Ligand code: IVH
């Protein structure tokens, strides 16, 4: 693969992962299954391994969840909340063990004596409970791993979560676990919602997330949520020496701890346990999507620490996705925000692992071609826990088949020609802002939670207000109050809802620059890219001017744009194209006039940020990977070779040529003891 091709593919994967993250974490409405997500993430990691220069510090492959954005207060976790890496089979699990072994540098006997705890991986959302002086003070969602949403009042409605701890609990402790909805509670809730003409939830996980994020805790109370405790964060004094004992303690303190947990030592025992839990899966009263395996010894856990977003001491052994067979009735083409034509399959409703499925995605034209599916076919579909299901394959049948599906050459909504960009699989409507579908989808994106986050303006109201001609472009939203009488008179609205909406809109007239940029819905400008670009230009006016100048190839502004770390040529081109479209300019100028766009803050620095460190010689108290991990945690970059760019060389025993070279270059050298001191070990 050429570097140019790699860069393109990487940019595409990044954009995709950002969008999928957004749908999953912000909208509680995932658009792909876990397996598809994992495949894309793994591919991105492969490219990163081959081209380390793509590895910007904040890259999507290393992130947990998504930034907080809602009506809730923020809450910072004392210890970050991590995600887990996955394994799918025994060989991969053994690799996970081998990595632990390499990192800790264990003797063969110690390695064989390692113990693990296996517990079901609950498909809900993780929560951090802070107890101060044995009183529950904060319950927060994971958020981006560092800062979550403070949902304490809602947490208090969950009976299984104790509000006080007994005397033997530490003065301050963070207890973590999963909030989830049982399958039967989920079915009952959806029935009630349907009866009330409300849109039902796609699956129990989304129902749990949606219920916990209610701004009114009375609503949360009516929803039956459950909780299993399974991890620890900060603790002012130690609770136990092993994870197993920690769980036992939690149970004594009144938490529900999963009854299927097991303590195991041999890899084949772990495999057998995964198998067993897998077999019990369908009969369990709640959704699980794998088994989490954790190293039992907490001292070793501490030493192992984490890399990127996942601990080295735990992994999730994922189950294969759940499948079912059903009839494909019709294929419908949907037009997205960026004009992408996506085929959606309408299915005869079928139960897949406890959830009724009636639609599935077919991704694009080639996918239909490759799988050779036609309306009327019997198809095997797959749902991996929390997802929009997909069609795996056609099931062969002994009967006449229907007509082949003919993919449209034009946009089914506006009639504009559909085109496929070079190297891309999707066809896109070329109608831009003349296409109703694109206009509406962009508006929906504009008001969504990670974008402008306008509460009370959901998909349905956008459609409704668009049909009435009250909203045609984003700026119209900020003029809605002029149509108060008309809105109040609409069915289902009234004074209260209308005034709430106007208040929610007014609350967003002051908006951070990055959020504003993201809300515009420019292709390839996901949350993270918007943040990078906002940080570079600092304020809207500077950016706007620079984008105008960047339209000229070879201009300084164009070069500057391309040189922002993490922004490649493909992204730069999308930005420039966006700004050369007169309708887009009109749209943002109109918006600009009604908003106060606040400049981006400067980037925060860590203690060793920007410093390049080289380790050389044999370290006696740490293995090399462990030392490297510690340095990186403190913000340093660790390099293998000494050059004029090196800031510090840590010399172990028998340091050779590298130490000599450092001396020649006049680079500071310290020994292991001094390094430990500076690193605060
Ligand atoms: S341990 C550092 N244990 O899975 C380890 N997580 O993909 C943190 N999850 O964010 C989590 N069941 O939401 C752990 N028994 C379990 C779990 C579990 C479900 C979720 C949790 C976490 C995610 C990671």
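Backbone N, Cα and C atoms are what each Cβ position is placed from, and that goes for glycine too.
Just one of 5, 218, 294 is listed by TrEMBL for the same NAD(+) site as 34, 35, 36, 37, 38, 83, 84, 119, 142, 178, 318, and that one is 294. Spatially, by CA atoms, the binding-site residues 34, 84, 142 include one closest to residue 435 (Zn(2+) binding site), and that is 34. Residue 38 (NAD(+) binding site) and residue 121 (active site, N6-AMP-lysine intermediate) have their C-alpha atoms 16 Å apart, to the nearest angstrom.
Spatially close to residue 414 (Zn(2+) binding site) yet at least six residues away along the chain are 429, 431, 434, 435, 436, 437, 438, judged by Cβ distances under 8 angstroms. The distance from the Cα of residue 36 (NAD(+) binding site) to the Cα of residue 411 (Zn(2+) binding site) comes to 27 Å.
By the rule that a residue counts when its Cβ sits under 6 Å from some atom of ligand 1, the recorded positions 36, 38, 84, 121, 411 yield 84, 121.
A Cα-Cα distance of 10 Å separates residue 84 (NAD(+) binding site) from residue 121 (active site, N6-AMP-lysine intermediate). Around the Cβ of residue 411 (Zn(2+) binding site), a 10 Å sphere holds 24 further Cβ atoms from the protein chains shown. Sequence-distant contacts of residue 121 (active site, N6-AMP-lysine intermediate), defined by Cβ-Cβ distance under 8 angstroms and a gap of at least six in the same chain, are 84, 288, 289, 290, 291, 292, 316, 318. Cα separation, residue 411 (Zn(2+) binding site) to residue 294 (NAD(+) binding site), rounded: 50 Å.
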